[in-house]
Amino acid sequence: MTTTQLEVNLVPAPAARLLPRLLSDTRYALTGLPLAVASVIVAVTPFAAGLGLAVVWIGVPLLIFAMAVARRFADLERARIATVLGTAVRRPAYPTTIKARLTHPQSWRDVAHALLRWIPSTIAFVLTATWWSAMLGSLTWGAWGWSLPDGPGNHELPELLGITDSYGGIVLFYLALSVVFAITLPAVVRGAAVLEARFGRALLIRA
C-alpha cells in the first residue's frame, strides 16, 4: 500500500458527499466492535475447543464448524470493507472438500481475523464514539449543564483552565469546543474506519 493511496482514502470528500460519507463511516466503526465480540464467541471459542480436542478427533467437527462460522463473518466483513474503501472486495476461492478447507490458508486467515479484529474495532469504536459524544455534549451543554452539581468541589473545564466561571462564558466555551470537534470529526471517523477496514482487507482478500 502506497502513501498516495492512503492519502486518497483519508482526504475528506467534497461537501455534497461529506455527510453521507461521515454517516457511513460512523456506522461501520460503531458496528465493528459488536461484530468482533460476536465472532470471538461464536467462532473463536469453538475453534479453541476444537484444537484442544483435535488429537482424539473429537475436536475436528468443532474445527469444521468454527471455520465455517469464521468464513461467514469474513464474507460479511468483506461487504462492509467495500463500503469504506469504495472498491469491490473479491472473495477468495475456497476448496470444496472439508479436508482441503481445514488446511487452506484463507480458512486460517478467516479465523485469525475473527480472533484479532477486536483490536482495530475497539480503536475505531472508541475514537468514533468519543468524537461524536464530545461534539454533541459540548454543543448541547447549555441545555443541560445547569442541572449538574455546583458545589465547591465541582468545576467545569473552563473554570479549571482559568478561562471563565460564569455560566454564559462556560456555554460559549463549550460551543467553541463543539466547533473544534465538528471540524475534526469527519477526518477522525474516516481514519478510524479506514484503519479497521485495512486490517480486515489484509487478512480477508488474500488468495
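Every residue gets a Cβ built from N, Cα and C, even glycine.
Because TrEMBL annotations are produced automatically, they should be read as predictions rather than curated entries.
If you look up TrEMBL, you'll see 28-204 marked as domain 'Putative sensor'.
Long-range contacts of the transmembrane segment (27-45) within its own chain (CB-CB distance under 8 A, at least 6 residues past either end) are made by residues 66, 69-70, 73, 76-77, 80, 83-84, 111, 113-115, 117-118, 120-122, 124-125, 127-129, 189, 192-193, 196-197. Residues or ranges marked as transmembrane segment in TrEMBL: 27-45 (among others).
Nonlocal intrachain contacts for the transmembrane segment (51-70), taken as residues 6+ away from its ends with a CB within less than 8 angstroms of a stretch CB, comprise 39, 42-44, 98, 101-102, 107, 110-111, 113-114. According to TrEMBL, the feature transmembrane segment maps to 51-70 (among others).
The transmembrane segment annotation in TrEMBL covers 123-146 (among others). Non-local neighbours of the transmembrane segment (123-146) in the same chain are 25-26, 28-30, 32-33, 156, 167, 170-171, 174-175, 177-178, 181-182, 184-185, 188-189, 191-193, 195-196; each lies 6+ residues outside the stretch with a CB under 8 Å from one of its CB atoms.
Within the chain carrying the transmembrane segment (166-189), a Cβ under 8 angstroms from the stretch's Cβ atoms is held by residues 10, 12, 18, 21-22, 25-26, 29, 127-128, 131-132, 134-139, 141-142, 145-146, 156-159, all 6 or more beyond its ends. Summarising the annotation, TrEMBL assigns transmembrane segment to 166-189 (among others).
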